[in-house]
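Visitor: Just lifted these from Swiss-Prot, have a look:
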type    : residues                       : note
BINDING : Arg29, Glu91, Arg130, Lys463   : (6S)-5-formyl-5,6,7,8-tetrahydrofolate binding site
DOMAIN  : 225-384                        : domain 'TrmE-type G'
BINDING : 235-240, 254-260, 279-282      : GTP binding site
BINDING : Asn235, Thr254, Leu256, Thr259 : K(+) binding site
BINDING : Ser239, Thr260                 : Mg(2+) binding site
Amino acid sequence: MTQLLAITGTIAAIATAIVPQQGSVGIVRVSGSQAIAIAQTLFHAPGKQVWESHRILYGYIRHPQTRQIVDEALLLLMKAPRSYTREDVVEFHCHGGIMAVQQVLQLCLEGGARLAQPGEFTLRAFLNGRLDLTQAESIADLVGARSPQAAQTALAGLQGKLAHPIRQLRANCLDILAEIEARIDFEEDLPPLDDEKIISDIENIAAEISQLLATKDKGELLRTGLKVAIVGRPNVGKSSLLNAWSQSDRAIVTDLPGTTRDVVESQLVVGGIPVQVLDTAGIRETSDQVEKIGVERSRQAANTADLVLLTIDAATGWTTGDQEIYEQVKHRPLILVMNKIDLVDKKLITSLEYPKNITQIVHTAAAQKQGIDALETAILEIVQTGKVKAADMDLAINQRQAAALTQAKISLEQVQATITQQLPLDFWTIDLRGAIQALGEITGEEVTESVLDRIFSRFCIGK
């Protein structure tokens, strides 16, 4: 995709998910200078309905040559600049499914539109000044949100809660640059620069950047979720734990060791964070080739998980098998889950032995659905203590934004070093301009075409 391509021509795409025989409504979106003309060719509105902006018309979509009715539909007309793209936009609200929307899209393409590239509607909104780059990225995050908190954070970005502080930081850098350049151009007419004040201002900007950088881990958690692996010996209650936690019968539960032969996955939300829970096969030495594959997959799941729930049988206590598994997973953030406590005398639970460097212990009786709240609390404690990091701010930055903020901070540190070394003022401006450019990349005030391509390729065709 190129910027020239993105702002020329009229584009069309299906804007809703295509679910065969399930979706009740399907939307075809058209944007560009020919959008209204295409709609007037295809759409027949009976009676005295008026084609006005931001009004919904009822009627029929007809083939322009055969006049055959393709669908009974609603038409929404939005004239520039009061539309998502700030261009003329029409939306055909058709019956759901596959056939109707595909036929309508084909008629739009035959009428002069071209098929939109992924994210091209939002790219046009950005290029036409309706959105900045952080807001555009927030739209993608909102569409892909997997939890209420992820959606709320994306909405905060869409409302400009990230763009505003970034613009203010950039403006502060520009003010400092103006002071320095004024001394370069009019040195004899102005008082000397206050070096200490400039350093103080730069330190304040860098401190605010550090606060924003602290939200990166939270952003990653909300976007990708927390991957949690339940591991342990066979028959310690791992599958029962998954079923109790997910409130379903995702995993088969029997009294026979080795029942789980593969990794069973369930998607949950804990404290607003999407959690991918993996119930793994019991880890032990075995001659069964199928079970051996399952054991190897269990080890792989544990080694790639953000958090490991090492599950043991409280009735049998800590065994050599538990110790062997612990040695394999102790390098990961870990919670020890003592399961089946309903089978143990309460007085004996506190005397159960385990490695003393395990600090997070949860007692559960998964078969009785007991201890799940305590388990979720322990997980959130690990997240909040930084073992799996997440900040408490309303907003959260992504990897691209974090890279730009990091570069801005490095540039500001280099400015400070330049001032301390008493180098000429021209040298001060070089790194200061670097910080300004890095901050501008976040909101899109200074951004390359390749970056735009990378960002908007994340979107679906109709967004």
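Note that Cβ sites are derived from N, Cα and C of the backbone, with glycine treated the same way.
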Visitor: Need the DSSP three-state call for Ser239 (Mg(2+) binding site) to compare against my parser.
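Guide: In the DSSP reduction, Ser239 (Mg(2+) binding site) maps to helix.
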Visitor: According to DSSP, folded down to helix, strand and coil, what is Ala281 (GTP binding site)?
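Guide: The residue in question, Ala281 (GTP binding site), is coil (DSSP, three-state).
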Visitor: Could you say which of the binding-site residues Asn235, Ser239 has its Cβ with the most other Cβ atoms inside 10 Å?
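Guide: Answer by Cβ density within 10 Å: Ser239.
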Visitor: Are there residues of the same chain, six or more positions away from Lys463 ((6S)-5-formyl-5,6,7,8-tetrahydrofolate binding site), whose CB falls under 8 angstroms from its CB, and which are they?
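Guide: Sequence-distant Cβ neighbours: Ala15, Pro118, Gly119, Phe121, Thr122, Ile139, Ala140, Val143.
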Visitor: Using Cα coordinates, what distance in whole Å links Arg130 ((6S)-5-formyl-5,6,7,8-tetrahydrofolate binding site) and Lys238 (GTP binding site)?
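Guide: Just about 50 Å between their Cα atoms.
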Visitor: Among Arg29, Arg130, Lys238, the binding-site residues in question, whose Cβ has the most other Cβ atoms within 10 Å in this structure?
Guide: Lys238
Visitor: For Glu91 ((6S)-5-formyl-5,6,7,8-tetrahydrofolate binding site), identify the closest of the binding-site residues Lys238, Ser239, Ala281, judging by Cα separation.
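Guide: Closest candidate to Glu91 ((6S)-5-formyl-5,6,7,8-tetrahydrofolate binding site), judged by Cα separation, is Ser239.
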Visitor: Do you know offhand how many angstrom separate Ala281 (GTP binding site) and Ser239 (Mg(2+) binding site) by C-alpha?
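Guide: Per the Cα atoms, Ala281 (GTP binding site) and Ser239 (Mg(2+) binding site) stand 9 Å apart.
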